[in-house]
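Now, the feature entries from TrEMBL:
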TRANSMEM  A:12-34  transmembrane segment
DOMAIN    A:67-280  domain 'ABC transmembrane type-1'
TRANSMEM  A:70-92  transmembrane segment
TRANSMEM  A:104-124  transmembrane segment
TRANSMEM  A:153-178  transmembrane segment
TRANSMEM  A:199-224  transmembrane segment
TRANSMEM  A:259-282  transmembrane segment
Amino acid sequence: MSEWLERHVPKVVLAPSFVAILFFVYGFIAWTAWVSLTRSRLMPKYDIEGFIQYERLFAAPRWDTAMNNLFIFGTLFIVISMILGLLLAILLDQKIRTEGVIRTIYLYPMALSMIVTGTAWKWILNPGLGIEAMVRGWGYEDFKFDWLVNSDLAIYTVVIAGVWQSSGFVMALFLAGLRSVDGEIIKAAQVDGIPTWRIYSAIIIPSMAPIFLSAFIVLSHLAIKSFDLVIALTGGGPGYATDLPATYMYAMAFSRGDIGQAASSAMIMMAVVFAIVVPYLYSELRAAKND
Amino acid sequence: MKKFTFAAASAVAIVASGAAFAEPQAEVLHWWTSGGEAKSVAVLQEEFAANGGTWTDMPVAGGGGDAAMTALRARVLSGNAPTAVQLKGPAIQEWYEEGVLADISAVAEAENWANLLPASIAAHMQCEGSWCAAPVNVHRVDWIWANADILEANGIEMPTTWDEFNAAAEKLQAAGITPLAHGGQAWQDATVFETVVLGVGGPEFFHKALVELDQDALTSDTMVAVFDQMRTMRGYVDDNFSGRDWNLATAMVMNGEAAFQIMGDWAKGEFMAAGKVPGEDFLCASTPGDGYLYNVDSFAMFDVDGDDKVAGQALLAELIMGPNFQEVFNLNKGSIPARTDVDLAAFDVCAHTSAEDMSGTSERGSLLPSYAHGMALRGAQSGAITDVVTAHFNSDMSSADAVQMLADAVANSM
């Protein structure tokens, strides 16, 4: 009996959450996929009509803008956060005295909710209130920094706020990675008279490859899910210039009574996430097998 | 057999007594939760209680009704709809097509609603000939508000054509005053757009383009001219307008930072709350051109089980259209009564203009539903148009491109 328990208790304990996830996550993914093939408007309908919603989606200029924005925002957000994070981590790694304090300061933005970040940056970037008004107040009357209200540049303000929020977190990740590199190797390199920048570029950074991958995965799913930052910072505007797929989906599902459109855009978002995560999982699983 | 007859008879008796003594019950879903609005709903609540009813309040704030609509969807899907829901315009018909609305024709016919309401507003309250909703108020959307002192100081009259408006704006700009207070939110862009469509194209064009979605009208030269005027007006807005809330734009007119604002009559509430007097401190006039764009709030009645709820529905419908509630509610909210026989003595001069114009335009056939406020079109179509309007207004897109994009977007939203 006790042997049976020992073997089966974990399964019994896990079963409810397994069933719940099966239903609430995968069940609803299947439901969304089904609805995305119907002509649902205000309420879900279940008569399959083919790929009409996807055709409408790809014909909508607003969806194009949303996908372009995702590409611009995602790329810049991930690349800049990683570069800044790495740089900060390397600088902090120089055994400076007040490291604890500085690390906390850089990590703090991560403790804020995106809504707070977005609202604060909305004020900072507002031409009539923030940086532009301040510099003009100093006497530089021609100074212009109106990205927030310029529909071509507004998406970059989202990048600025996003990077501000996340680079400290990436720094913490990288700092942990730097500390995990074997000190003996570094000392050996120093004894051989190799310059510090070579030690970093040839030894330390290559040995941190798994950290890069984790940082990339964390940042990319943050980018794809981005919703609150845009809502707080620009409200999707000017016009719909800073719409992202998530805000598009929200507008369709909750403001416009166009559930079919919302479901099809949700499926495309999921496909984008899969395109990034599946290769990662695949490589992880293969690595695990090889061990 | 005898036993059965007895049982049947007593069952009938119980049902009959149930019907006779059912205490009216109503669960009301709405999103009037802020100051003046909440006060207005409380009036209805008190009247309902005074008539022996039990009111279950279900306020869902947030997202200009989006949150309430999400709640409604969940309730209807679970087969437990509220008794009455704040709904308006084509959304009423959309819900009717889902087969979940109740018929309140008995009350409507007894109270003679058909003769009390302007015909085009009555049409919104009917679902395939039967009455399914009760109107609460009429907001006029095509208002232009002005700071009286600024106009006087610059020798400007209230504009009656868009050319006059442009000339006045040029003059104000030269004097260093922002001509148009505007908030760069999609719905505000759409509000200005529809008044320009009405003014430049006239009521018939408005109906063809924004109600019937006629492709010829949407791609016509008139529509190009409308977008040209929008581009001109973009020049009259200050640089800092992006994302500004409408009441902040109203405050700019109040404080003399800007001369005009184009906004529905809820803006009047802001002026009044600041102690300004219509006709002295601020002026109200309809935007250039003949016509009247209305935004009517209403309560749609949902299909519910139980005599007490059905009785509640009837009582609620009767009270909503009652002259007392129509007067008190609209005094609080800044709109005018939907029924045309209410005494307007207590209302201000702007409300009088609104009421006169409503009956005038109703006779001329230019009493039209506001597209920007969800009265003319369903969500998907009006959303598609708004996307184009706001994209054009916030970029340097040419009018010809905008018109093409508009036609494509409307076709794609069907």
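Using the three backbone atoms N, Cα and C, a Cβ is placed for every residue, glycine included.
Count of Cβ pairs under 8 Å against the transmembrane segment (A:153-178): among A:12-34, A:70-92, A:104-124, A:199-224, A:259-282, the largest is for A:70-92.
Long-range contacts of the transmembrane segment (A:70-92) within the same chain: residues 99, 102-103, 106, 155-156, 158-159, 162-163, 166-175, 177-178, 200, 205, 212, 215-216, 219-220, 222-224, 226, 244-245, 272, each at least 6 residues beyond the stretch ends and with a Cβ under 8 Å from a Cβ of the stretch.
Highest Cβ pair count under 8 Å relative to the transmembrane segment (A:12-34), across stretches A:104-124, A:199-224, A:259-282: A:259-282.
Within its own chain, the transmembrane segment (A:104-124) has Cβ neighbours under 8 Å at 88, 92, 130-131, 148, 157, 160-161, 164-169, 171-172, 226, 228-234, counting only residues six or more beyond its boundaries.
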